[in-house]
Amino acid sequence: MDSQRSHHILTRLTKIRRRPQQPLTDFTELYSRIANETIYYLNLEEKKRYKEALQGWKALTTDVLFKQTLIEHNYPNTQSYTKDEVSLQNGIRELYHKSVMHLKRVKKLVREEPAPRNDMPSSKTYTNHSSSFTRSTEPPPVFQMVPGRMMKTLRNRNACGYKTAYSNPSLSSYGNSTSIKRGEDAENIRVNFVPSKPLSNNASRQHKNPIEHNDPPLKKETELYSDKYISEPILIDLTNDEDDHDVGILKGHNVFDEEESDGFEFDVSDYYDNFSEVDVEEEEEEKEERRRIKTLEAIQQQMSDLSVTSSTSSNKSVSSSENVPGSCIQSLPTTAPALPSLPPPPLLNVDRASSTGALKPHSLETSTTMDSSKIRNPQISKLMKNNHVPYLKGTKSTPTLITKSTPTFITRSKSNTKPIIKSNASSPTSSLTVPNSVIQKPKTAAMAAKRVLNSKKVASNPALNTTKKSHPILKSKTAKVPNSSSKKTSSHPSRPVSNSKPYSHGASQNKKPSKNQTTSMSKTNRKIPAQKKIGSPKIEDVGTEDATEHATSLNEQREEPEIDKKVLREILEDEIIDSLQGVDRQAAKQIFAEIVVHGDEVHWDDIAGLESAKYSLKEAVVYPFLRPDLFRGLREPVRGMLLFGPPGTGKTMLARAVATESHSTFFSISASSLTSKYLGESEKLVRALFAIAKKLSPSIIFVDEIDSIMGSRNNENENESSRRIKNEFLVQWSSLSSAAAGSNKSNTNNSDTNGDEDDTRVLVLAATNLPWSIDEAARRRFVRRQYIPLPEDQTRHVQFKKLLSHQKHTLTESDFDELVKITEGYSGSDITSLAKDAAMGPLRDLGDKLLETEREMIRPIGLVDFKNSLVYIKPSVSQDGLVKYEKWASQFGSSGS
């Protein structure tokens, strides 16, 4: 709020005015904390720490119930809550109910005590095969991966040449046995020290030893890659030196095509489903691995051709390693298995891509995507299909994926703690920058709460649910955006995070989203700076997104009727405006937004007396609107009707009753509705008014106090703009009626005539207290000029009874007759004011005892109260004024009282 920064004299008043926002702050903080703790406990469940999760769920449900009760106690007036506060309150309740469901489910899991599965890829082993090299018998303690522990590097610090490999780029060629051009690429690579996390259970099962990838090559000899293990390469490396290792592999092997990678899109829902795969899929994975053994031998020969021993790259590699000690050189393996890209693949550099000229026979330009359908090598494509490519993410066409298990990479970065942000640009150099337009998920649940606050805005404008880029960022899990090419439907958010349904085999290749598919990311999340995301992103963000979007979708479903009405109205307004020719769009929007009024529920019975005026209105307006087929030719209804008379006689009430009884669209016009500070805009507003009225016929254009708009043009003080408004109003008004009286055919000189009843059922209904001030041309167009006089004796009698029908009173018929006599000359509004003041008489008699007296003990209203009120309430119309009205009515009025 800008007022918080200003230091002016109203600062204290500003703080007082901010007090009602306190419930919003409390709800936001509570929602954020619930969401964060929910994600944390779901993460504990994924790690099979059910007892800790059970205790957490119990504490969370109890605390949420207490906090919510406390907030409702502190702010008991729930009716004064804003829409944002109600939305947050509903979101908190939804999260609470979900927590209760999680609590029941975890209790069941604790009772069953299922056999725990180890999620650590470093400790998960295969009996037959899982890696292309062996592990050291005593790995260094730095490689004992523990969730949440921050490690500077995954390399073996005891290995020979460790510091030299980092300090001297020329020695980087021996750091990874699988890199192609380490010597020539090391100068373009920065090492990232961000800790690596296991990708998923599937990833840990399929790729057991990538974490120890740097340790054995530095300790073992060249015979490390024996025939026993060389048949299966490492497909995913989760170490933190991907900038050195995997970029070289991508550069050398060139498995991917950057131009074809735009078609590859990543399904985040499929990506996270791997965390909760059931044991059945483990058996399927074992079968798939047995099947892959047959294909790995054929691929090994192709990968070995791209190793550091190739003739094209050996010269530079040898020259770059001249300063390496002999013991270290001997430890370099000769035929290292290739490492396909990690999820997500590291950024590629222009220099790095252009420096691999020796590898052009195997090059596919610059490669970053791992879509098996795009790979030219059929053997590698088949291998990728068997290994479930959803673990690998798209490249420059998609930004980073926020997940705890995804290692982050930094290329040409001065700080090793900043996560990488991928660019959507097509050039390779764009991968080195951090674009502002990249959409990111919220870091914490506080940002998620903002999405709840903005849920209505996002839902009311579907255009906000799309991104500016042509590439989808992440697949949405909300129910707002249907995704036909994904297995995840709108019912997905209702499922718990830890019990996600595993996807079927091959879904990654067949279920990719379209290139231009929209997402439900709000624009608020796009503005989160990348600098705020320090270190590896947390997997709790996934749960936050699930819980928040689920609560948002539920709130949006409750507001769907209201939102649908608004959206439908906007669509209809746009269609109407598009169908109108020669009408300014902005002026038409202003007419819709400010002038269109739905008819108030005022009926004939609500108006006391004025029977003659009611009959005239029925004949001139109601009957022609309801039966247009009978009113043609000479029976054509009038297009203008003027209600004039003293103030307070019920002219506006009659107009409202006409709108209700005729079931027509009601336009309430005043001088401010048709005036603009810009030259020529007022005429456009008048034109748009009549055009829309014709389109929405039957309609009534009611102009109260029309003398302010259609005053006499003979006045010397009149300016040019007001004259133009009057002229345009008169011209548009004339177009409503046919030029040839009695003709049933349209006249070419008039755009809208009786030939089309739907376009001509428009009435200009006006009311004024100064009928003699109206311009003569406007008076001519008011064919009916109805005089609304002061209420007669019978009318006043009926009005008094109507006003006192719901009040306790002691008035008899004789008292009512006396009231009618003493209120001679009072208008309808004067009588209403008199009755209100008389109703205060019993309360005035109580004085200070009013606060202690029961309602039933207050005496009823009597005639004496009305007589006392006559001292204060006087008639508002003078006798001289009445004479003037009657004179004008006899001269220009079309009907008497």
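Backbone N, Cα and C atoms are what each Cβ position is placed from, and that goes for glycine too.
Checking the candidates Ser427, Ser536 against Swiss-Prot, the annotation phosphoserine falls on Ser536. Counting only same-chain residues six or more apart in sequence, the Cβ atoms lying under 8 angstroms from the Cβ of Gly650 (ATP binding site) belong to Ile607, Leu610, Ile788, Gly828. The Cβ centroid of Gly645, Pro646, Pro647, Gly648, Thr649, Gly650, Lys651, Thr652 marks the ATP site; residues of that chain outside this set whose Cβ lies within 8 Å of it are Leu643, Ala767, Asn769, Ile788, Ser827, Gly828, Ser829, given in sequence order.
Comparing the binding-site residues Gly645, Pro647, Gly648 by how many other C-beta atoms lie within 10 angstroms of each C-beta, the top residue is Gly645. In this structure, Thr652 (ATP binding site) is part of a helix by DSSP. The number of other Cβ atoms within 10 Å of the Cβ belonging to Pro646 (ATP binding site), over all protein chains shown, comes to 24. Secondary structure from DSSP puts Gly645 (ATP binding site) in coil.
Using a 10 Å radius centred on the Cβ of Lys651 (ATP binding site) and all shown protein chains, the other Cβ atoms total 24.
Ranking the binding-site residues Thr649, Thr652 by the number of CB atoms within 10 A of their own CB puts Thr649 at the top.
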